[in-house]
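Here's what TrEMBL has on this protein:
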DOMAIN    517-640  domain 'STAS'
TRANSMEM  113-131  transmembrane segment
TRANSMEM  138-154  transmembrane segment
TRANSMEM  166-188  transmembrane segment
TRANSMEM  249-268  transmembrane segment
TRANSMEM  275-296  transmembrane segment
TRANSMEM  368-387  transmembrane segment
TRANSMEM  399-421  transmembrane segment
TRANSMEM  427-447  transmembrane segment
TRANSMEM  459-489  transmembrane segment
Amino acid sequence: MGNADDHMYPSSNDYNFHATSANQRVAIPPPQPFVKSLKNTLKETFFPDDPLRQFKNQPPKKRFILGLQYVFPIFEWGPRYTLDFFKSDLIAGITIASLAIPQGISYAKLANLPPILGLYSSFVPPLIYAIMGSSRDLAVGTVAVGSLLTGTMLSKVVNANEDPKLYLHLAFTATFFAGLFEASLGIFRLGFIVDFLSHATIVGFMGGAATVVCLQQLKGILGLDHFTHETDIISVMTSVFTQIHEWKWESAVLGCVFLFYLLLARFFSKRKPKLFWISAMAPLTSVILGSILVYLTHAEKHGVPVIGHLKRGINPASIMDLNFNSQYLPTTIKTGIVTGIIALAEGIAVGRSFAMFKNYHIDGNKEMIAFGMMNIAGSCTSCYLTAGPFSRSAVNFNAGCKTAVSNIVMAIAVMITLLVLTPLFHYTPLVVLSSIIIAAMLGLIDYEAAIHLWHVDKFDFLVCMSAFVGVVFANIEIGLILAIGLSIMRVLLFVARPRTVVLGNIPDTKVYRNIDHYTNTNNVPGVLILEIEAPIYFANSSYLRERIARWIDDEEDRIKSSGETSLQYVILDMGAVGNIDTSGISMLDEVKKVVDRRGLKLVLANPGAEVMKKMNKSKLLETIGQEWIFLTVGEAVGACNYMLHTCKPKMGSGESEKYSNNV
């Protein structure tokens, strides 16, 4: 960084400092009534998308119709629905049904629930979502991570094998609370809470959960009868290798063959996207082939366990089965909240991803309400947690779906299966279900995203790996808490330790930028320009006071060693300070006093409306002097340069050394 030549800055002949400060003075915003200010703040916090805008200046009948369309989006796009759309949705719906049926059965086993519940959960919830959801591409159904969470958290209070009826009722109750929590977030516009699950957190958590799910499937692959209820890798591997004498080679061979087939189908579908249907049909094909093979060879008598009897008929009511017993209530509430957050984070992220491809918008809060209502309705109709799984939604998208009618088609296909086809699944081997789960979970381990995080942001990579390691080596809850804790800590660090940078002048311009970013900038003789890159709150005011003092010390040391013009002015660029509280005002007042004791002058540039309003109300504006507050850094530098050229400094840097101990 060099020194700017004197001729680059206005002299007393071409810069009228007093005229500039009078004509272009930074304005104080007009006062607003407290009620109006509070209303604006609440609106920006809870209604940033202004959902009520469409109701303005509309007659009552039109408002009713708009309200109906807002709550039930199907009434908005339904009248425009065409036969061509239905053809596309019919194909997509049948395609995702072929994936939903085997996945539903598999994931129910993962949650320690009867397999039939996986089919029940692919019937009622998709119908609710088709009416209330705003995504055209999301395919609703059970999810592996949510199923695993449900199973592990409920198993801590009730053993599914010893008391299956109580366990089932607790699963319904947890689903009810998950739906209630999700709907509440949407109704009260609290969707930003889910944003604390950052992208890095989700990548690490999903990767860890997928790894845990795969490890759990070793029980089915190896045909083990007894297996640990713990999910950490050490407990699982100990359980596997202490039962080597109980491994069933028939089950292992069958599982490896079908896993190879599923991965091969996915490989071809990725290489040629037009062949997506190969991967989509592979799970159902595996179930059919596995069932035929077991039936013909009587493999169930040779160590290959099968599903067995599945009850025929659609969902029975379960509203009377909800268990609000105080003994189990904390567990069901906790399970509902945790699984609800994970379901929302995955479902909304998936929905937004596909909406971006098709250039349309989905309302996050409406999605939360839709997810909540479908889980509340599901808990009353023998369903457990449902969301918008990525694998099923990707198949729906690639199959060419146009609207949420594809979910209705899928639900009808599942209904037909429940009414007619359930006996055909009697001979389906459990090892095939394990293979389906492993194949689906391998797709959730996004190592490419982790590598990308490493290259872009090392701290995000640390958050990602913390979530992964916590889930794999401890348990899912610890991994999730660790990841969210690190994410929140980072947010707090951004607030508590904001960046402050020194600005310099870009040659031949009146532009001032970070000297570390633009290495060709020139320092302004006698002037230190600092930029504060965050709002000033109680959490960072002490840090900023100390940091500003250190910048002044460093600048005076640099000047002393280089023999340049003594420091006379400290300019604070406030352009990035969107807000300030009373602690921030006190901090600026203290900085002003410290700078005065050093024989320097404090100058502010580009303060925002909120900052000016609060400085005016606190009388800090009078303390600093409004003539020392400028619209831009360029004007502030010009004024300081003018004063340096026309006025004798009160005190040089040598004299100000004795004040350095006051900071």
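All residue numbers here begin at 1 and follow the chain in the order shown.
Any Cβ shown, glycine's included, is placed from N, Cα and C.
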Query raised in the report: the transmembrane segment (459-489): which same-chain residues, six or more beyond its ends, come within Cβ distance under 8 Å?
Result: 148-149, 152-153, 196-201, 203-205, 207-209, 211-212, 230-234, 338, 342, 449-450, 453
Report task. Using a Cβ distance cut-off of under 8 Å, indicate which of 113-131, 275-296, 368-387, 399-421, 427-447 has the most pairs with the transmembrane segment (166-188). Result -> 368-387
Query raised in the report: Considering only Cβ pairs under 8 Å, which range in 113-131, 138-154, 399-421, 427-447 makes the most contacts with the transmembrane segment (249-268)?
Result: 427-447
**Report entry** Interface-richest range of 113-131, 138-154, 275-296, 427-447 toward the transmembrane segment (399-421), CB pairs under 8 Å
**Finding:** 113-131
**Report entry** Stretch with greatest number of CB pairs under 8 Å, the transmembrane segment (275-296) reference, 113-131, 138-154, 427-447 candidates
**Finding:** 427-447
Query raised in the report: Who are the chain neighbours of the transmembrane segment (138-154) in space, where the CB to CB distance is under 8 Å and they lie at least 6 residues beyond its ends?
Result: 96, 100, 103-104, 107-108, 110-113, 118, 121-122, 125-126, 129, 160, 167, 170-171, 174, 205-206, 209-210, 212-213, 216, 229, 231, 331-332, 334-335, 338-339, 342-343, 346-347, 350-351, 354, 374, 384-389, 392-393, 395-396, 404, 406-407, 410, 437, 440-441, 444, 475-477
Query raised in the report: the transmembrane segment (427-447): which same-chain residues, six or more beyond its ends, come within Cβ distance under 8 Å?
Result: 102-103, 105-107, 109-110, 144-145, 203, 206-207, 209-211, 213-214, 217, 219-221, 223, 251, 254-255, 258-259, 262-263, 266, 282-283, 286-287, 290-295, 299-300, 304-307, 390-391
